[in-house]
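**Student:** For reference, TrEMBL lists these features for the protein:
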type     : residues : note
TRANSMEM : 12-35    : transmembrane segment
TRANSMEM : 55-80    : transmembrane segment
Amino acid sequence: MSDELNLMHNKWWFPLYEFAVHVFVGTLIFIIIALPAVGLNVSIHYLSKLQVDPVVLLGLSVTEYCLFAADLVLFFVFIFSSVLKAGKKLWQ
């Protein structure tokens, strides 16, 4: 089993496979974290129809945007670092 794993790691395409897996998993994690931001957006629209205090709506909106912005920045950092790692392994 260990020999098969070593052979697979020596293949030229393995860094590309590893990168594809990282992108897929990273995208899933991005979606999982972005879903609460979408839920906040839906809640804000619903609460605005109920005429909830604007300060509460503003707080929820700021939270929504901060959550989504942090998620987006971390997703880009993750993808960029995955690109660098894959590139480094490809050109070794």
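Placement of Cβ uses the backbone N, Cα and C atoms for every residue, glycine included.
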**Student:** For the transmembrane segment (55-80), what are the same-chain contacts with Cβ under 8 Å, counting residues 6+ beyond its ends?
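**Tutor:** Result: 22-23, 26-27, 29-30, 33-34, 36-37, 40-41, 43-44, 47-48.
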**Student:** With Cβ-Cβ distances below 8 Å as the criterion, list the same-chain residues six or more beyond the ends of the transmembrane segment (12-35) that contact it, or say none.
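**Tutor:** For the transmembrane segment (12-35), the list is 67-68, 71-72, 75, 78-79, 82-83, 85-86, 89-90.
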